[in-house]
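**Student:** What follows is a structure written as C-alpha cells; I'll ask about it next.
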C-alpha cells in the first residue's frame, strides 16, 4: 500500500474543507480572518509593536520603589543564598530562585543584602538586575500570547487584541516587575504552550528538523515550569492530554503502519517525558552542588542529609556507628520543623498536666538536647538528670494525647520512665544506626509513642514545639526519630562520610520535605486568605507596598475591564460553541467554527487546568495564584473578539496604572487622590 504524507487537513487541527498552503497554514481566508490575506505584512507591523509596548510597560520604573516589596523578602533572600552557596529550604523547586540568584550575580549584586522584611531600603545594593530579569521574562508573556493565538486562529487581529489585553493589564505588569517566581513560572508555561501549538502545526511533516525542534522545546519548557513551581504540573497535564489526543488521531490514520505509530509514540516519550525528567533532575543536581554550605535550611532535613553540608557539625564528623547503653545522644524528630528532643529546668504551669519538668522539641542545636541512654532503660536528660516520663495526664495542646515530662533524679524514677526503642521497618533486636535508622519510642506503661505535634507552646513553654505521647501507633514522621549526635568513649568511631546519602536519596527526601511543607501552609490567625471564586471577578487585590498616604503604595489588581471581559468571554464561549455546533450539524458554514471548537477548546482546557485544582487545595491561597489561568482566559477572549479593538482597555489602563507603577498621597476615598472615584469595589484596598 502506498504511504501518503499527512496533511493538516488529516491531523484534526483543521476542518476538512480548508484549503492548505505548502506550509500547512490556511491559504484562503474570508470574513474576519481576512487580515491574513496580506501574508506576513501584518506580523511585520504588529509583532514589533507588541514587543515594544510589552517591554516598555514592564521595564518602566523598574527600580521603584527602592525598597523590598511583598515576597521579594523571600525570593530575593533565596537568590542571595545561591550567590553565597548557603543551604536553605523552600516549598518550591529550585529553578526560579537559581535564575534569580544568577541574574543578581551577573549584574553585580554581591548577595549581602539581608531581605529581612518588606519596606527595608535597598540603599547601595544592586537589586535592579534581579527585578529586571523578572520583568524581561514577564515582557515575553504578551508576545507568546500573540504568537499562540495567531497560530490557533490564523487572525492577526485576534492575536493583536490578545496581546493588548495582557500588555495593558495592570496586574500582569505589577507581578512582572518584582523579584518573584510568578513571571518566571508564567514564562515557561506560555513557552511550553507556544511550542506545543507550533509542534501541532508540523504534523504534516513528521520527524523533520522543525518537528523535532518544537517537540524538544516543548519538553524543555515543561521541565522549566515544573522546576519553578509544582503548579507547573498543570501545563504538563495540558500537553499530556493534547499528546494523547494526537496519538489517538494517528492511530486512526490507516495510511500509517503500527511501526510508524510506534515511532511517533517513542518520539513523544523521549521529548515529553524522558527529556523533561532528565532536565528536572539536573536542576536539583545543580541545586545540591551549589548549596553546599550549612544554612537556615539544615533543620528541615534529616541528619544524614545535613552531614553533607560544609559547616554543619555533622560534616566530616566521627562517632560510634551503633547506639549502645551509656551513650550521650541527641534525638531529632523526622517531621518538618519537628525539632530535637529537649528539656530544661522550667516546669509545666499549674493546670497543665502534672507540675513536672517540661519536655519539648527545639529547632536549634543546644546543650539541653543531650540525653543519656541509660541501662535501665531510661532516657536521662543530661543537664537536669531527670528521666523522660509520660503518664495519663492530658498533653498541653493536643487533645487525647498524653503529657511528656522530666521526672525522677539521678537514675531513680518509676515505671512511667520506661521506654522501648523500636527500629521502624526493622525486626526486634535490630541495632540502631546513627543518622540512618528511623526509630520510635514506645512507652511501656501506657503503650503510647513519643510524638512531636508541630504545635507551638505558649510563652511558658518558651514557644518551643509540643512533645506528647500519642496513643495512635500508626508510623508517621511525627512519631519517628533518628539519632544525630552520638558520644561514647568505649566505642570505636567511624567517619560519617560513609553514611552520607547518595543523590537519589537526597532528591527523594527534598521532594518529601517540599510536599509536606506545601501541605503545611495553612492560613495563620487574622491572615487574609483569598478564595478561588474571588479571582476571576477581580474581587480583591494584594498589597505589595505601603499602607498609608505617606508611603509609596503598589497594589496588585488586574485592569477591571480586561478581567471582566475575560469573565464574560468564558460564559459566551459555551453559547458560541453551541450555536456553531447546531449550525454545522445543519450543514451550514459558520465563521470561526474551527477556531471555537479546536483552538478555543484548547485554551478553555488550559484555563480550567490552571484554575479548578485550587478549589481542592487545603493550603493558604493568594490572588496571584490565578495569573497563569488569566493568561489562558485572555487568549480565549482574543480568539472571540477579533472583529473589533476595544480601546477601553487602554483608557482604563491609563486610569488604573498608578496601582502598578506606584503612587503617594491621599488614599482612594479622598477626592484629591489619583485613584479618586476608581474604588469600585469595597474589597479593593487602595
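Backbone N, Cα and C atoms are what each Cβ position is placed from, and that goes for glycine too.
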**Student:** In TrEMBL, one of 539-560, 561-582 is tagged transmembrane segment. Which stretch would that be?
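**Tutor:** Comparing 539-560, 561-582 with TrEMBL, transmembrane segment matches 561-582.
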**Student:** Among 8-41, 42-75, 212-245, find the range that TrEMBL records as transmembrane segment.
**Tutor:** 212-245
**Student:** Please figure out which one of 87-108, 128-150, 157-178, 561-582, 602-622 racks up the most CB pairs under 8 Å against the transmembrane segment (265-291).
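**Tutor:** Looking only at 87-108, 128-150, 157-178, 561-582, 602-622, the most contacts with the transmembrane segment (265-291) come from 87-108.
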**Student:** Same-chain Cβ contacts of the transmembrane segment (184-200) under 8 Å, 6 or more residues past its ends?
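**Tutor:** Contacts with the transmembrane segment (184-200): 11, 13, 95-96, 99-100, 134, 137-138, 140-141, 144-145, 147-148, 151-152, 211, 214-215, 217-218, 220-222, 224-225, 227-229, 231-232, 235, 238-239, 242, 246, 602, 606, 610, 627-628, 631.
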**Student:** Check the transmembrane segment (157-178) against each of 87-108, 128-150, 561-582, 602-622 and return whichever range has the most CB pairs under 8 Å.
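**Tutor:** Per the Cβ count, the answer is 128-150.
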**Student:** With pairs fewer than 6 apart in sequence excluded, do the transmembrane segment (561-582) and the transmembrane segment (128-150) have three or more C-beta pairs that lie under 8 Å?
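**Tutor:** By the criterion, they do not touch.
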**Student:** Would you report the average pLDDT that the model assigns to the domain 'MIR' (429-486)?
**Tutor:** 93
